[in-house]
Structures are given as structure tokens and as C-alpha cells.
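Enquirer: Before I ask anything, here is the structure I am working with.
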Amino acid sequence: MAYQTRQRDPLLDSNTQELIERRGKELFGLALTVLGLAGAAMSLTYTPSDPSFLSATDAPVQNMLGRTGASIAAPVFMIIGWGALAFVALLIGWGLRFVLHRGSDRAVSRLMMAPVWVVICAMYASSLTPGEAWTQDSGLGGHLGDMLMGMALAILPLATGISLKLISLLLGPVVLALAALVLGFTKDELRRAGRFLLHGLIHAYDGLMRLMGRGAGGALAGARAMSARRNTEDDYDMIEEDYAPSRTARVIRQDAYEEDPEFLVEDDAPEEQGGLRGLMPNLLRRNKAPAVMPEPELVENEGPDHEVEAPAEDRIRARITDVVRTRTRRPAAEEAPLTKGRGRRPDALILDTSQPNRRRGEPPLTASREEPPVMAPSVAEVAATQVDVAPDMPAAEVPPAMGMENLAGIQISLQDGSERIELPLPPEPEVDEVQTYAAEPEPEATQPEPVAYQSYDKSASEAPAPRPQTVVPAKSSYEPRSAVPIYHSPEDEYELPPLELLTRPDSVERYTLSNDALEENARMLENVLDDYGIKGEIVSVRPGPVVTMYELEPAPGLKASRVIGLADDIARSMSALSARVSTVPGRSVIGIELPNEKREMVVFREILSSRSFDDHKLKLPLALGKDIGGDPVVANLAKMPHLLIAGTTGSGKSVAINTMILSLLYRLTPDECRLIMIDPKMLELSVYDGIPHLLSPVVTDPKKAVVALKWVVAEMEERYRKMSKMGVRNIDGYNGRVKDALSKGEMFSRTVQTGFDDETGDPVFETEEFAPEAMPYIVVIVDEMADLMMVAGKEIEACIQRLAQMARASGIHLIMATQRPSVDVITGTIKANFPTRISFQVTSKIDSRTILGEQGAEQLLGMGDMLYMAGGGRIQRCHGPFVSDEEVEEIVNHLKAYGPPEYVSGVQSGPDAEKESELDAVLGLNTGGDTGGEDALYDQAVQIVIKDRKCSTSYIQRKLGIGYNKAARLVEQMEENQLVSPANHVGKREILVPEQE
């Protein structure tokens, strides 16, 4: 039976091999160029007095490459002198050729003459006279150049001075010719280089002559003008032949332009063309009114709006847009304002968008106004002004592309064929009522008094009914925000922050791809995979706001690891920034995630208003963002129960922490959740200082961070004691008992020992009743864990381990972030106790494996793109929402309006000495440390050392029969107590305690 065989596909196709070869040449050329630049720096800063292995001196090194450069330059200059610059030219020249792919194939044939060129360069340098700074015994060409020059002088039967000059003149052209040969120049390249130098010299000479001619021409014109005033009529006729033509041309041009702007007179004076007169025709052509005014293109700004648009500003923009559209429908005869004379009937609005660079103080180019034109204020000023509109005035939108600079100088007027009206804009309007639209979802509307008008454009006046106008304060960029929160409740009851403080979802532009485009991308991806020998079919495409996932159904027998390893090649072939390839859990397909051409911003307000966030089963909801399909992703911190976050600088880690904190603030009151924030960087979390949810001010000192974590451990132990006495298993059960007791009006009781009986000596107990209090959740947020691990790594790791193992039932949860996901920061103990992790963009696959256990985080896009690993090990890609600093400040100001927070003093001050020792014993921090005389083994070890007058780790180990580590700790403890001396170079210790008799 014959089996069908197939020839194995090559590992790399021809295009890939050619690309690799080109990139290799570029890298090789770049290395040569860098090496040549280093050699140039070393050679040009060479000083004979620099210290090297040829000369011992205490003088400071003057070479740019330091002692290494001086040590290399000394023997090179001793042998060939300044001929070393030939090596530099070779490295830089051929390095650039390899980088630019210009003549790199000629390298081998041309470089065969490189040694001859270097020797001749050294010989030519020896023919030059050295200066005073040259203190070497040899000449400028080194010993090699001097030797060859001596041989040449001995051959020539002339005087030494004449022979030296003659050889120098002969060697100069030889050096240049060999340089062109060795550096790979061809005839065409030399011809182009010569032409370039010639043209440069000609342009430089021409510019110099023009500069000198302008000065002489100005002086000559002044002299002629003075002569024209002083001479007689006969002399004036003689001067007029030379001077009058250019002057007459200016007069004719001005008069003709007043009648017809198309009439332009060319100036024939050659000496005036280079000056201002030569530029006048172009200037006049630039200001020429077009025959037909093109319709202005209204382009929306892509910048996101972080504030709510006011209705008054919308009406102002609507009026300008409507007039612009009416203006563009005018016939061509009415659209050239410069061609209209004075005294004609008034024109409609002229919105000149062809001059965006007009200054604010310049009037518009309209010829129909008798009085100076009124400057229209900017959009912010108009929005701040009470505008009175006729009842049937239309409303549209202002062109977003018109900024404050472009709106300067616009005249708004309407006409019906005979008369024109104006909307007066008072410089200092009196605002009767100001409403803030971020605070009230439905602001009150006030009806202004209409402006008396005479006539208006009927095409823009068909409004169904008058609309009430509302006065809105200006949102000017130069006016500072008020520090007083605008959401101050008149009552003492706490209110959650409103969603109006956040950016609206409709302010973000949505990008969607058509089905044809998605299908085309899928077919292209199949072809790319087929080129690499991956057989399969794209069975589904899932577009999202940031990336699009293509599900590949691989052929039978194809390993997923083979496809995952081609992530970089797939991204290159698809012209994408990066590509992430991973298996889809629970399915037989492989997901290939490619970024979209236009990335959509994820709005935080949209996630907070989703059903997933409103689920009351989530005790501590965290709005993580959107998944690949665009669905909201909300996690429950109470079920995690702790979260570990890692990512490089700029990957969106700090913004994600802000969104997590705001998620808790938007859902929970200070009675339900309290926060402890640790920010060693002193920048990210300091804005939250003063909100009522804090248990202490934001901790910025790493040493106080250790104290705060120990307080959290003590609070956890105290909560466990309370829950054990109550007979409940977690914080929810405890708070449920408290809620039932408060609803029934019951009191909690506890038994307290008050003393001892005088007769029997038995302890006396009393029952004390107290009002029940619910325990709030405590969330500890650490922004940078690497700084804490460097200061007190052992204590931090012990506290984190204790909290991560036991704090879930007590309602204490940790959110820890680091920008250095290395094994010394994220230790094995921390990883074992943090099953839920989030990784933002990292720099390498090693960091991705450290935080997630697999690669893929290095392929993320940054700016909030994350991989979320839940407790079961399933990894999900999410796109974090964006929250600006202004939004965070407004929310914090809203929270601060309800009074200062109730701080707990022990968070940063720490417990007393007795409790601290007990806490250290719980954490295991004093094991083997300074235990004094409590350890019986320590007392026995001291007695053995004093008696035998010997002290070593192995000796204590043998005498007491203990392990090596324990014996070493006992010896270190005796050294700390100054019973024995430190070990000397041999390892022996002296006994400092006197011998007992």
C-alpha cells in the first residue's frame, strides 16, 4: 500500500529570507556606524598626556571615552598617528552604506585596498608639520609614517625641505583618490556629489549678492528720492526715466485693484523683484476674492468632551451653523464681498473660513458695513452671555471645527433682501440665573425677553414654537475651577456621587467595521497562516472596541503552541502593532486578537450604569472595563478575595486603580466600606486624601506602611475574636446579626473580668451591655509594592501572607500593584496567596510568566489593555475605562462636602510595645531574633562557650545536637550581645566573657 507523501514546506519563504537579510545588513551597518562614531570621539579628543599603559601619570583623562579610550588611542597614534582617522572614515562610510543599502555588495572588492590607504594616510600625516600640542617623539603619522617618509626622502636626490613639500603635494591627490575607491564611490556618485557642492556654492554666492544688493538698492533709492525733490523740472525729467516706472507700477496696481481686483500689473524692474515689490503680486493674488465661495467643510474635533454641553451654547452654535449653510447657498455674484462698493444694500452673513490665521483684532473682509465691524466673542464668551433670541429663531449646531481663534471677527446678520438685523452682544452682561448642568439632570428653563427685530431670512425662520432659553456660565479654559464642591447636600445624610460627574457615553465616537471588511481581514489572515504552514479555517470573527478576535479552527494534528509562537510574525504580516494568540477555554478554536485601526475609548460611566454593576449580589464591585466583544466586565472583590496588579509605566495601571477606587465610592458609603491607601510614590493616591471613606491619611512613608499593615493584621485578629464569640463564619453573618439586633432594639452583652474575690481569690466577672455596631469592609490599596519590599521585605511579606490567608472572612481585602513584576517583588508566597491577578502591558515574556504563569502580556497595546486572571486560572482580555484627573477631583470634592473623615489613630502610630511583640510573634518575625534569655538553647550555648572557651557554628551544633541554621542564629545572637567577637580572617572568634573560677 502506497502512502501519499507531500514535500515539506520550507521553514521561511523567499520574502521572509530577503527581509531577514536586509534587517541583518541594517543592524550590521548600524553597529559599524556606532563603532565609527566612538572611534571619531576617541581620536579627536586624544591627548598624548592622557594616562595609559604606555605612560603613567596622575593627570585627569581628557578623552571622551575615558581611560579605555585613552588606552586604545595611545598605541594607535604611536603607530600610525592621525592616520587613525582613516579607520574612522571606513567604519562610518561602510556603516551608512549597509544601513541605506547603497553599494554594500562592493564591500569586499573595495576594502582590499583599505590597508594601503591607511598606510598612505599615515605617510601623508608625517609630511605635515606638527603643532606645539603634539608632544610625541614621532610625527603626525606615527612611527610607521615616519619610517616610510624617511625611506622616500632617502630616495629623492633633493633637499629635505623641498622633498618633503613635493611628497606632501603628491600624496594629497593620492589620498583622495584612494578614499573614493576604498569608500565605494562610483562615477555617478562622484558626479552627483560634485554637482551638489557646485549648486550649494552657487546658491550661497547668489544669496550673499542678493543680501548686499538689497542694502545698496535701498540706499540708491533713497538718494534718488532726495535728488528728485531738490532738482529742477529739467533734472526731474532725467531722473524720472530711471525711477518713475516702478513707482508708476505701484500706483497703477493700487488704482486698478480698487476697480477690479483681477487687474494686476507686473513690475519689470529687475532690481525690485527680490524685495517687497516682487512679493506684491503674489500677495494680491492670495487676497483675490474667488468667483464661487466653496462650502466650508465642518470637521468634528476628535478630542473627548469631559463636560456636559450647555443648551445655550448649543443654540449659539446652531445659529452660526444655520447661517453658514444659508450663506453657502448664495449665488456667486453675492459671495465676493471685496467686489462690492459702498452704499449697496446690506449683505447676508459672510463666514470667511479661508483665512484661519487672521488675528483677533483684525476686522473681517467685508465692504458693505459703514461702521467698524463688531467682533463676535468666542464660544465660551457667548455661552456666558445672556442671549435673547426671537421666538421663531432657528436652532442648529456650531461647526465644531471653528475654534475660538476662527470665531474671532465673525459678523452674524440676517437679511431678507432689503434690511439687516444684528444680535447685540453686551460686553458685560448681567446674568440673572446660573445653573450647573453637571448637578441637575433637568435644569430649570427661564424665558428671556425677545429682541425687537425688523426682518429676517425666511428660509431660516420656520421654527414650530418658541423655545425657552437658559443662561449657562461659560466653561472657559482660563477660569479656575471652584474648590468648593457644588454637590453639597443641605442634610447630613450621605449621598453617593451622581453619574453626571463623569463623561457621557454619547460623547465618544464609535468605530465599527462592515461585514465585508471583517470577511476580507479573515481571508487575509487565512492566507498569512497558510504561508507559515498553518492549515485551518477562520470560523468566527468577534469585533470589539479595541481589538477583533478571529477564531481559528486548526487542522487535525496541529499543535496550538506552534500557532502561539507565530504571534510576532502574524502581527508583521497583518501590518498590526501586535497580535495575541491564545487558546479559547472550553472550545477547540484558537483565538487570534488583532488591534483595530481606530481604537474606541471605554467610558467609565457606561460601565457604572450597566446591569452588571447594579447587581446587589456583588458586595465590592470593581468596574474593570469591557471584554473583547464590548460587554462590561465587573468583578467582585469580596470573592477574589485579593487582587494583584502588575504593569509597566504608561500601561494604564494607575488609571485602573483609580477606576477601582471610584467603583467602590460609587457603590458603598463610609459606613459600609473603609479604605487604607498606601502610596510610596506620593503622587497617584494623594488626591483622595480627606474623603470620608479613609481610615487614615494616605500613607506615603514606607516605614509607616509596615505599621499600617500590622494594624490591619491586628484588626483582622480582633474581628475573628468577635465573630467567634458571635458564632458566625464571616462578616456578612456578623452584620446580619447586628442588623437584626438593631431592628429589634436589642443590646449585645459581653463578660468582662473586673477583679478577684478577696476571700476565695477567684476571678470576678461582670456582664456589660453595649450597642451593636456593624463592621465595614476594609480595602487596603498599595500602589507600588516594589518600594515597600526594598525597605522592609520580610515584614511586608509576612503581613501580606497573613492577610491573604485569613482576611477574607473578616472583610479585609488587598489590592496591590507594582510596575516591576520580578521574582524578588512578586515572590512565591505572594503569588500563592493572590490567585486573582491583572497584568497590563509588560516588557518581556518573563515578566508575563511571572505575573500570569504564561506569556501574552507583552503583546498588549497599553493604555488600559489588560489580561484578567480569575481564581480558576482562566484568563480574559479586558480594556480598562478612562477616567480623567478632572473627573476624579470633582468626585473627591463631592465626597469632601460631607465633612472630614473619622481617622483611626492606631493605623499610622502603631500599637504599644506589648501588643507589637505579640503581633510579631503571630507573624513569625521574632523567631530566631533577639529573644534575650528566654530561649533555653541560647542559655545552654552561652554556658558551653564560657566553659570550653570555644565558639563556632559547628561546635555549638555538635554540642547541642541542633541544626546548622539554629546554631548559626545562636552564634549571631551571642555576637550581638557582645559575648563573642566577630570572626577573623581564619574564622575564629574570641571569647569576650572572662573565664569563671
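First residue shown is number 1, and so on along the chain.
Glycine is treated like the rest: Cβ placed from N, Cα and C.
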Enquirer: For the transmembrane segment entry in TrEMBL, name the matching range from 140-159, 780-799.
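Expert: That would be 140-159, the stretch labelled transmembrane segment in TrEMBL.
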Enquirer: Which of these ranges is annotated region 'Disordered' in TrEMBL: 259-303, 439-483?
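Expert: Of 259-303, 439-483, TrEMBL gives region 'Disordered' for 439-483.
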Enquirer: THR648, THR649, SER651, SER654: which of these binding-site residues has the highest Cβ count within 10 Å of its own Cβ?
Expert: SER651
Enquirer: Using the structure shown, find which entry in GLY647, GLY650, GLY652 (the binding-site residues) has the sparsest Cβ neighbourhood within 10 Å.
Expert: GLY650
Enquirer: Reduced to three states, what secondary structure does DSSP give SER654 (ATP binding site)?
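Expert: Reduced to three states, the DSSP call for SER654 (ATP binding site) is helix.
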Enquirer: Taking 27-46, 72-96, 108-128, 140-159 as candidates, which has the most Cβ pairs under 8 Å with the transmembrane segment (166-185)?
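Expert: The stretch with the most close Cβ contacts to the transmembrane segment (166-185) is 108-128.
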Enquirer: Mean pLDDT over the domain 'FtsK' (630-849): what is the value?
Expert: 88
Enquirer: Which residues of the same chain, at least 6 positions away in sequence, have a Cβ lying under 8 Å from the Cβ of LYS653 (ATP binding site)?
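Expert: Listed in sequence order, they are ILE645, ALA646, GLY647, ALA817, GLN819, PHE840.
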